[in-house]
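Novice: Here's a structure for you.
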């Protein structure tokens, strides 16, 4: 096993969910600084976009982001296979198929969560991607759609995609309601059923199972790891990113670093992007939650939110934002 594959294998325990409009390359670099051992995921990119679009913009990444997975959307096996081959050329560590997004636009394109009703098609897609690349092909899914209330149906879906070659499943442990709820509501309203994911792992001990959904703190995340191979943080990693750092530190028996130190570690990357003509707001929007719940946290967000969009804004604005925080919040909490 090479160092890169060993690092990829070790990253199974903690990952950051693919989140549209959030987990872009700038966010992922920041998350890598917070969580050196975590597995990172891109935003979902449709297979057609990978094949025909501006790849540098859509799937380009900084080498520091490894281990990194590309999440693909789509339901055409041939197109997904072609996109998977491109992903291998670009150096990704994993390809993940989205079978969990419930948005109307995604449904209209016949991909995302609605694919849970077509397990044979998903299996065909997985098999095609496996034939096109040596990278591990994984699937992110829900427990079911709409009123599905049948563990056996969920388990059969998983068994079909695993038989086709899926190396791992990420289970968002709630149903997707395809009508009547927004994507945001679909992350909150359908009840969580962690026990289904636990049972899946118990009955299939050789299958890597990663649990996603409603994980917002270190202690519950560690408790979930008694029943699953990994945990995937979603909104918590974005709105309160220090939780991501603390969980990565706990899992790897490393001391937690002060928030200010983590932010300053981001400075060289930010300044390199500024030098290329990118606006400050593209980087700082991902750090707004770093002082969540801390003295001065609201003022920190306000300074960055109001100033980062201005022409010529630079790192000095981040320094101004830091000055608004209470320095006591920078200490390491025992």
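Here the Cβ of each residue, glycine as well, is placed from N, Cα and C on the backbone.
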Novice: Return the residue out of 140, 281 that Swiss-Prot annotates for the same FMN site as 18, 19, 20, 71, 172, 212, 213, 214, 234, 235.
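Specialist: It is 140, as the record lists it for that site.
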Novice: How many other Cβ atoms sit within 10 Å of the Cβ of residue 214 (FMN binding site)?
Specialist: 17
Novice: Using residue 140 (FMN binding site) as the reference point, find which of the recorded positions 101, 184, 187, 298, 301 has the shortest Cα-to-Cα distance to it.
Specialist: 101
Novice: Could you state the CA-to-CA distance between residue 184 (site 'Interacts with tRNA') and residue 101 (active site, proton donor) to the nearest Å?
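Specialist: That comes out at 10 Å between the alpha carbons.
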Novice: Taking the residues 18, 19, 20, 71, 140, 172, 212, 213, 214, 234, 235, which the record names as binding FMN, find the longest CA to CA distance and state it in Å to the nearest whole number.
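Specialist: Between the outermost Cα atoms of 18, 19, 20, 71, 140, 172, 212, 213, 214, 234, 235, the distance is 20 Å.
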Novice: Tell me the Cβ neighbour count for residue 235 (FMN binding site), meaning other Cβ atoms within 10 Å of its Cβ, over all protein chains shown.
Specialist: 17
